[in-house]
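Here the structure is laid out as structure tokens; the discussion comes afterwards.
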Amino acid sequence: MASKSGDGGTMCALEFTVQMSCQSCVDAVHKTLKGAAGVQNVEVQLENQMVLVQTTLPSQEVQALLESTGRQAVLKGMGSSQLKNLGAAVAIMEGSGTVQGVVRFLQLSSELCLIEGTIDGLEPGLHGLHVHQYGDLTKDCSSCGDHFNPDGASHGGPQDTDRHRGDLGNVHAEASGRATFRIEDKQLKVWDVIGRSLVVDEGEDDLGRGGHPLSKVTGNSGKRLACGIIARSAGLFQNPKQICSCDGLTIWEERGRPIAGQGRKDSAQPPAHL
């Protein structure tokens with residue numbers, strides 16, 4: 001189920017590269033993170049600018065804490081609290097409007113998958129979030145197919161036994177239009193969704209409990225606002241890259257730029273929380 005910051009959940013490990021050059025940098029990072037609710041353990045390695053955090057907070061919130069010290073931070077990898085790499089993936093979400101975000105998938109154990117991320121540009125309120133069958137964005141989000149449903153079940157809520165495997169329930173957007181969420185799911189597996197797509201919808205998912213004809217099909221959550229292909233991503237200590245081999249940008253230069261396209265060559269803009 002989706003949880004807000006400080007609501008607990010299963011611990012995971014987040015690996016960041018942080019711009020640190022001296023012991024005072026290390027001290028500032030320790031002081032900021034160790035006083036934060038939801039952070040259990042912090043390891044800082046100045047020599048390779050690495051910060052390893054054991055936490056129940058979404059990665060975006062940990063990154064914001066790190067950058068509140070005045071230092072840039074980039075998430076490099078995720079893993080279970082036992083520092084095991086059981087599978088990780090990421091979806092970069094975009095649509096025809098202003099909605100955009102990044103959502104990450106992490107297999108915490110063979111029985112539990114973590115889905116966490118931040119989506120901006122939403123109307124305040126609840127929005128349905130689902131894994132869809134196809135990773136096909138040729139017609140924007142309309143070509144992603146139906147909800148991922150290999151069991152042939154009816155649409156339901158994330159806590160239901162009888163549900164589409166891609167049914168992740170709702171995420172809540174604040175007045176700013178931002179939804180930051182952390183979902184733990186017992187049916188979804190990272191290795192089953194790589195190459196598929198993640199879609200956020202215009203309205204609230206009724207979890208199959210409404211009286212609308214689409215309740216048991218889509219949750220009657222309205223049109224698809226933004227989507228992204230779910231791609232394999234780095235686990236802990238699997239991403240040593242400091243410079244992109246494709247265009248020579250450092251991890252600091254490419255921060256806040258698109259992964260590809262003309263905008264990647266433009267001067268860096270303040271990151272849209274991604």
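Cβ atoms are placed via backbone N, Cα and C, with glycine included.
The structure displayed is predicted, hence computed values, not measured ones.
According to Swiss-Prot, the features are:
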type     : residues               : note
BINDING  : C22, C25               : Cu cation 1 binding site
BINDING  : H147, H155, H164, D167 : Zn(2+) binding site
BINDING  : C244, C246             : Cu cation 2 binding site
CROSSLNK : K76                    : ubiquitin cross-link
CROSSLNK : K189                   : ubiquitin cross-link
CROSSLNK : K216                   : ubiquitin cross-link
CROSSLNK : K241                   : ubiquitin cross-link
DISULFID : C141-C227              : disulfide bond
DOMAIN   : 11-74                  : domain 'HMA'
MOD_RES  : S267                   : phosphoserine
REGION   : 88-234                 : region 'Superoxide dismutase-like'
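Feature map: Swiss-Prot annotations on the structure.
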residue: C22; record: Cu cation 1 binding site; Cβ neighbours (10 Å): 9
residue: C25; record: Cu cation 1 binding site; Cβ neighbours (10 Å): 18
residue: K76; record: ubiquitin cross-link; Cβ neighbours (10 Å): 23
residue: C141; record: disulfide bond; Cβ neighbours (10 Å): 23
residue: H147; record: Zn(2+) binding site; Cβ neighbours (10 Å): 22
residue: H155; record: Zn(2+) binding site; Cβ neighbours (10 Å): 28
residue: H164; record: Zn(2+) binding site; Cβ neighbours (10 Å): 27
residue: D167; record: Zn(2+) binding site; Cβ neighbours (10 Å): 29
residue: K189; record: ubiquitin cross-link; Cβ neighbours (10 Å): 18
residue: C227; record: disulfide bond; Cβ neighbours (10 Å): 26
Legend entry - DSSP-derived helix, strand and coil totals, residue by residue, for the region 'Superoxide dismutase-like' (88-234): 4 helix, 67 strand, 76 coil
Legend entry - Candidate binding-site residues H147, H155, H164, pick with smallest Cα gap to C227 (disulfide bond): H147
Inset, instruction - Report the nearest neighbour of K189 (ubiquitin cross-link) in space among the binding-site residues C25, H147, D167, comparing Cα positions. - result: D167
Legend entry - Pairwise Cα distance for H155 (Zn(2+) binding site)/C25 (Cu cation 1 binding site) [Å, integer]: 49
Inset, instruction - Write out how many residues of the domain 'HMA' (11-74) are helix, how many strand and how many coil, based on DSSP. - result: 24 helix, 22 strand, 18 coil
Inset, instruction - Determine the Cβ neighbour count for K216 (ubiquitin cross-link): the number of other Cβ atoms within 10 Å of its Cβ. - result: 16
Inset, instruction - Using H164 (Zn(2+) binding site) as the reference point, find which of the recorded positions C22, C25, K76, C141, K216 has the shortest Cα-to-Cα distance to it. - result: K216
Inset, instruction - Using DSSP reduced to three states, classify K76 (ubiquitin cross-link) as helix, strand or coil. - result: strand
Legend entry - Whole-number mean of pLDDT values that fall within the domain 'HMA' (11-74): 95
